[in-house]
Amino acid sequence: MTVLAFDRRLIAPMILGAVLNPVNSSMIAVALIPIGVAFGAPPAETAWLVSSLYVATAIGQPVVGRLVDMYGPRRLYLAGSALLGVAGILGALAPSLGVLIGARALLGLGTCAGYPAAMFLIRQESHRTGRDSPSGVLTALAVSTQTVAVVGPTLGGLLIGLGGWRTIFVVNVPLAVACLVLGALRLPTQPTRKGSLAVRDLIDLGVLVGNRPLVATYARNLLTFVVSYTFLYGYTQWLEEGHGLTAAQAGAALLPMFLTAIVVSGITGRHKGVRGKLIVGGVGQILGCALLLTVHADSGIWLLVLIGVIVGVPQGLNSLANQNALYYQADPARMGASAGLLRTSTYLGAMVAAAANGAFLSRSASTSGLHDLALFVLVVAALFLVVTVFDRSLRWSRLSHSPA
């Protein structure tokens, strides 16, 4: 009897497509100051470079995810990859901040298909083989997206050091080409869907009806990324303005966080249980936010490294645990839409973070502004921990017996 196995040819296009959004979200962190200088724009205006991508993604992810459920991942993946390349060229040639903001919105739309397509394919392979997809595939997807989100500022700093801030847009062109080639060669075709498409078909709120555990996962994910992106953008800007580092140096200062997140994800990725990871991640968020209250313009490198290491722990735990919770909580027939809504919750959190950064660091990324921002995010981190501890579905559902 032939034993069907997960088609590992899918892994490369799945992971590459899924990382496009987080890498573009995080690279911009070290480019905000250089772009502001280039166009004479204050932080309150350059913050739209962050928000535009998040708004486009928050709206586009569940819609594209629904289309993936209806038409399969291949068409949406290829269309998104083409739009990514166009957005990269537009950003590289942008003559004004307004055009650049538009390019960022297009980047958000172009990267909407990758993650829903990946989660759809993982569930589809489980159905085809008659057994759960290997936990290592889910772990690889979570680790790769988390890794590029954390290493993005370092990569962005390197690219800016080599060719200026426009290089963080140029890099999307070869990435788009790679996605088009891999998607065309490896993604399966789906039967053509018959019938017309109504607007109501694009908005599938049925994924939320009667599924309280999934709603709780979205809420936890939102709070996770309020903390994560507030740190990513606010702390990075403070490193450049408040601590006097260059963009490349600020990116390098985040390497301890990047390395810790990889190690933590790698160690815990195949272990059972979701709740324990989320509790440890919640405590790590609180400790990291509290440490931000201790930094000053002349803080030693040891403190910056310590902050990076501690913040890296929840970076490596929380998104991995929430993704795996979604995999088991969501209706398999709506996996694309469900995964899209998970990313929507991610970027709703990011928009809250961007608004907080704009409010507390509106004039400059000063130390006092960073401390005020840290107090705000400390409250959010505490709320995350409370929501996790009192979520009974994490104790008694099948999640406690599933790979996470």
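Glycine is treated like the rest: Cβ placed from N, Cα and C.
As annotated by TrEMBL, domain 'Major facilitator superfamily (MFS) profile' applies to 10-395.
Taken from TrEMBL, the feature transmembrane segment covers 12-40 (among others).
What TrEMBL lists as transmembrane segment is 46-64 (among others).
Under the heading transmembrane segment, TrEMBL lists 76-95 (among others). Long-range contacts of the transmembrane segment (76-95) within the same chain: residues 13, 17, 20, 64, 67-68, 102-104, 106-107, 109-114, 116-117, 166, 168-173, 175-177, 179-180, 183-184, 187, each at least 6 residues beyond the stretch ends and with a Cβ under 8 Å from a Cβ of the stretch.
Positions annotated as transmembrane segment by TrEMBL: 101-122 (among others).
The annotation transmembrane segment is assigned in TrEMBL to 134-162 (among others). The list of residues near the transmembrane segment (134-162) in space but at least 6 beyond its ends in sequence, with Cβ under 8 angstroms from a Cβ of it, reads 6, 11, 14-15, 18-19, 22-31, 34, 115, 118-119, 122, 168, 171, 228, 232, 236, 246-252, 254-255, 257-258, 261-262, 265-266, 269-270, 312, 315-316, 319-320, 323-324, 327, 403-404.
As annotated by TrEMBL, transmembrane segment applies to 168-187 (among others).
Annotated transmembrane segment per TrEMBL: 218-235 (among others), in sequence order. Long-range Cβ contacts of the transmembrane segment (218-235) within its own chain (Cβ-Cβ under 8 Å, at least 6 residues beyond either end) map to 25-26, 29, 32, 50, 149, 153, 278, 281, 285, 288-289, 292, 307, 311, 314-315, 318-319, 322, 341-342, 345-350, 352-354, 356-357, 360-361, 365, 370, 373, 376-377, 380-381, 383-384, 387-388, 391.
What TrEMBL records for 247-266 (among others) is transmembrane segment.
Per TrEMBL, the feature transmembrane segment maps to 278-295 (among others). Residues of the same chain lying 6 or more positions beyond the ends of the transmembrane segment (278-295) and with a Cβ under 8 Å from any Cβ of it are 220, 224, 227, 231, 235, 238, 243, 303-304, 306-307, 310-311, 313-314, 317-318, 321-322, 367, 370-371, 373-375, 377-378, 381-382, 384-385, 388-389, 394.
Annotation comment: TrEMBL describes 301-320 (among others) as transmembrane segment.
Residues 21, 25, 43-44, 47, 50-51, 53-55, 57-59, 61-62, 65, 112, 115-116, 207-208, 217-219, 221-230, 232-234, 237-238, 319, 322-323, 326, 369-370, 372-373, 376-377 of the same chain lie 6+ residues outside the transmembrane segment (341-361) yet bring a C-beta within less than 8 angstroms of a C-beta in it. TrEMBL lists 341-361 (among others) with the feature transmembrane segment.
The transmembrane segment annotation in TrEMBL covers 373-390 (among others).
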Interface present between the transmembrane segment (101-122) and the transmembrane segment (247-266) (three or more C-beta pairs under 8 A): no
Leading contact stretch, 12-40, 46-64, 301-320, 373-390 vs the transmembrane segment (168-187) - CB distance under 8 Å: 12-40
Model confidence over the domain 'Major facilitator superfamily (MFS) profile' (10-395), averaged pLDDT: 87
Chain residues outside the transmembrane segment (301-320) and at least six past its termini with a C-beta under 8 angstroms from it: 139, 142-143, 145-146, 149-150, 220-221, 224-225, 227-228, 231, 235, 239, 243, 253-265, 268-269, 277-278, 280-282, 284-285, 287-288, 291-292, 294-295, 346, 404
Positions on the same chain near the transmembrane segment (46-64), where near means CB under 8 A and six or more residues out: 21, 24-25, 28, 31-32, 35-36, 76, 80, 97, 100-102, 104-109, 111-113, 115-116, 202-204, 233, 336-337, 339-341, 343-344, 347-348, 350-351, 354-355, 357-358
